[in-house]
């Protein structure tokens, strides 16, 4: 666009401007090339090869594999896991954030909790799996201590869906604290005072002011947590080394199985299914966030 | 934002100063209740971490003698040491490449291509929506090509993972750098430097970079933490990094891998705590004029 108008200029009037147009494009080329090669191309490969055979022929067989009962079961378990940890994580995280907000803004409690939440929300993978194995696994510290007091606790539940739920809460709750604290900070004390001066009780304040205002950011945070749990792989993979009880582990199984020919493109179909779920949750999240930013700033 | 926080801090103080026991007593009771509620949270988050430490310093199980053998054994294990070295190198390469890619692009877009700013932001934040697991599925064919072109001396070196890791750290880097660049007046600074005859390289390295150094540090520390903890991409592409090695080692000796996991966890904790202090002290002298301009 601009180059056209520059070319139309009488020659020699602004030689610098003439040089600048191609130069300014060159500035973003390395970035675009990198992103194109290592972000957009792999994503496109997932989408395209999900509908193709390893030889490149178009097929619907991979996508049809999504309808197989073991895949549907894994999807259902993944959704259960993400929904439960997002719901529990959102409630517990909101409670924790509320406790923190009640204290002084520069107090030790708030600073410790925010710093710890920032660290723990990123914490996952092998180390987290290991931390839970050595605390509540079969030979874990807590299991052995409980056995000493006579409670016969076995650590087998840790390697099932219920175990994953507890482990996932370890990063879901801190993430909720991080996401929800700014929303709680946006609730102005003047609103409470206004309610009181109009004769409203504490209940009226919560029912008509705070709760309606905090609902969109709460739902938004819930969606973010859902996507976060749905996409998580490392923790589950380190905890459960065989099989595919949830979709991420199904993808691992499909990627590593070399015995079944043509299976690698099933992994792409599964990945496509996953990215659709995550993208829908994230899109709803950003929509919610835009809605709530009107009031809570 | 700042105004809101100062309001929040002032209001309770005023209430406490008010004479009359009723309000003060209920405030004290509320504070006690809050502290009591914090205890279960604290326990849930502290127990696994403490168990990690406890487990790695006991011979055998819980009833064994206290020992540092597992920690010492890390140094005797060449596989673990190599993985640790590779992961540290990866962290360094990833941070440097990501910074070299993002800082000039973001400055350039601000100065010359403001229309592209939305696109660059979208692309930088896109990895938040595309899970690493999905990315790794698509990266498989690309890494076959990378392996094909790798000189045989570096065959199966995990350092090529840096290509993928740069993408993974991009969202965090972008946010941190964006905040840093927003706090300074990029246009005036670079125009002043350019009019004094500085080259673009000088503008980047000697004018812009020193002014956003805390944002750059912040971004690099986050990347280091992320790369040191990365497992998904490495394990599924069959490269051996720190987390993959820890996971493998767990099958041979749980104690040693727990000790190493605890060690690198502590390292990352220190990094991230350091980060929370860097973010705290923003250079006020640079921020002030930009704020006035708005």
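Yeah, the Cβs are placed from backbone N, Cα and C, and that goes for glycine too.
TrEMBL annotations:
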TRANSMEM  A:23-51  transmembrane segment
DOMAIN    A:75-285  domain 'ABC transmembrane type-1'
TRANSMEM  A:79-101  transmembrane segment
TRANSMEM  A:113-137  transmembrane segment
TRANSMEM  A:157-184  transmembrane segment
TRANSMEM  A:205-224  transmembrane segment
TRANSMEM  A:230-249  transmembrane segment
TRANSMEM  A:269-288  transmembrane segment
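Under 8 Å from some Cβ of the transmembrane segment (A:205-224) lie the Cβ atoms of residues 86-87, 90, 93-94, 175-176, 179-180, 183-184, 187, 191-192, 195-196, 281-282, 284-285, 288-289, 291-292, 295-296, all in the same chain and six or more residues away from its ends.
By the count of Cβ pairs under 8 Å, the stretch nearest in packing to the transmembrane segment (A:113-137) among A:23-51, A:79-101, A:157-184, A:230-249, A:269-288 is A:157-184.
Highlighted: of the candidate stretches A:23-51, A:157-184, A:230-249, A:269-288, A:157-184 has the greatest count of Cβ pairs under 8 Å to the transmembrane segment (A:79-101).
Outside the transmembrane segment (A:23-51) by six or more residues, the chain places 58-60, 62-63, 265, 268-269, 271-272, 275 with a CB less than 8 A from a CB of the stretch.
Long-range contacts of the transmembrane segment (A:230-249) within the same chain, counting only residues at least 6 positions beyond its ends with a Cβ under 8 Å from a Cβ of the stretch, are 70-71, 74-75, 77-79, 81-82, 124-126, 128-130, 132-133, 158-161, 163-164, 167-168, 171, 270, 273-274, 277-278, 281.
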